[in-house]
Amino acid sequence: MKILAAMSGGVDSSVAAARMVDAGHEVVGVHLALSAAPGTLRTGSRGCCSKEDAADARRVADMLGIPFYVWDFADRFKEDVIDDFVEAYAEGRTPNPCVKCNEKIKFAALADRAVALGFDAVATGHYARLQDGRLRRAVDADKDQSYVLGVLTPEQLRRAMFPVGDSPKPDIRAEAEQRGLLVANKPDSHDICFIPSGDTQAFLGARIGVRRGNVVDADGSVLATHAGVHEFTIGQRKGLGLVGPAADGRPRYVTSIDAETATVRVGTVEDLEIWEFGGEPVVWTSGRVPGQPIECQVQVRAHGSVVDAIVEPGAERIHVRLRTALRGVAPGQTVVLYRPDAEGDEVLGSAVITRD
């Protein structure tokens, strides 16, 4: 097969590319340039997609003896990931940019170009597994990335390969060391790659501006003012700007955000609990909408807790009823549905959470 190896410059994608070469495939490496302005993404020790990372990826490709290219997706990344991220926060939602990047960039824009150039599939360093077209959790539960891949359609999954999903992360590092790959001990990427400072609030404020509003309690009493709803997310406790402790002495958390009125409501930890929510749009990884309610498990954030639920399916929308209440569920987050079995949890589909 002719395989395009997406190489971030990290250890996982490097070993993934090496395994594709070992398997006898015709492999070409590509690094995605996602920033139009140099220095606006994290550097190699803190994240991905920097000039240093591109250089690391090129050196690994040279060691593997495969062609290597850098493809510029900066405009698509800004439009589909960064602008979407900013818009969501301005509307009081809490998005996951890694989910959006996989959906729109790595397995859409990149994969589309790969197919147009005659490649059969795109291989990445994601920790997940594909078995008979079914997306499953990785062997390494701590590194599992099936959550951020739960938005992929059947067509996208058919042209994807995850060569490291069957291995624990320590084994991947050991293999990289054994192969003599210079990235064997390179730190994992964390946080949001397009916010170099790590200050999400400042990043959003510079792009959204000031729209003052009130922080209120359950009965509508004003407790504080704020400069914009982008400063908050459901479940947030710190940085609320409250003038003093609540009468009962208990901490307060953000329980709802109304972007139209710029009102942020706070309450107790118990007020964060929810038992049901909606989700749209919906992706079913099999391409088929279940004909009846399904018993499954749901996860609402990367590496978050998993709870049992009953999901009423639909082609455009789902309704989730939880067996155990969850706290801090925010509109804009992605809910991923899993079916547990002996082969490893299977991803059934996903949706963007709505609270109505």
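Cβ from N, Cα, C; glycine included.
Because the structure is a prediction, the values reported are computed rather than measured.
C101 (active site, nucleophile) falls within a helical segment according to DSSP. What Swiss-Prot records for C101 is active site, nucleophile, and it gives sequence analysis as the kind of evidence.
C193 (active site, cysteine persulfide intermediate) has a Cβ environment of 24 other Cβ atoms inside 10 Å. Mapped onto three states, the DSSP output places C193 (active site, cysteine persulfide intermediate) in coil. Among the features that Swiss-Prot reports, active site, cysteine persulfide intermediate is placed at C193, with the record citing sequence analysis.
Note on S8 (ATP binding site): other Cβ atoms within 10 Å of its Cβ, all shown chains, come to 25. If you look up Swiss-Prot, you'll see A6, M7, S8, G9, G10, V11, D12, S13, L32, G125 marked as ATP binding site.
Feature annotation from Swiss-Prot assigns disulfide bond to C101-C193; the stated evidence is sequence analysis.
The annotation site 'Interaction with tRNA' is assigned in Swiss-Prot to H126 (among others) on the grounds of sequence analysis. Of all the Cβ atoms in the protein chains shown, 26 others lie within 10 Å of the Cβ of H126 (site 'Interaction with tRNA'). In this structure, H126 (site 'Interaction with tRNA') belongs to neither helix nor strand by DSSP; it is coil.
What Swiss-Prot lists as site 'Interaction with tRNA' is Q333 (among others). Within its own chain, Q333 (site 'Interaction with tRNA') has T94, P95, N96, V300, R301, V352, I353 as residues 6 or more apart in sequence whose C-beta sits under 8 angstroms from its own.
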Report summary line: Excluding its own, the Cβ atoms lying within 10 Å of the Cβ of A6 (ATP binding site) add up to 25
Query raised in the report: For D12 (ATP binding site), which DSSP three-state class applies?
Result: helix
Query raised in the report: Between S8 (ATP binding site) and C101 (active site, nucleophile), how far is it from one CA atom to the other, in Å?
Result: 13
Query raised in the report: So which recorded positions out of G10, D12, C193 end up within 10 angstroms of H126 (site 'Interaction with tRNA'), measuring C-alpha to C-alpha?
Result: D12
Requested in this report: Around the Cβ of G10 (ATP binding site), how many other Cβ atoms lie within 10 Å? Please give the count over every shown protein chain.
Outcome: 23
Requested in this report: Measure the Cβ-based neighbour count of C101 (active site, nucleophile), defined as the other Cβ atoms within 10 Å of its Cβ.
Outcome: 26
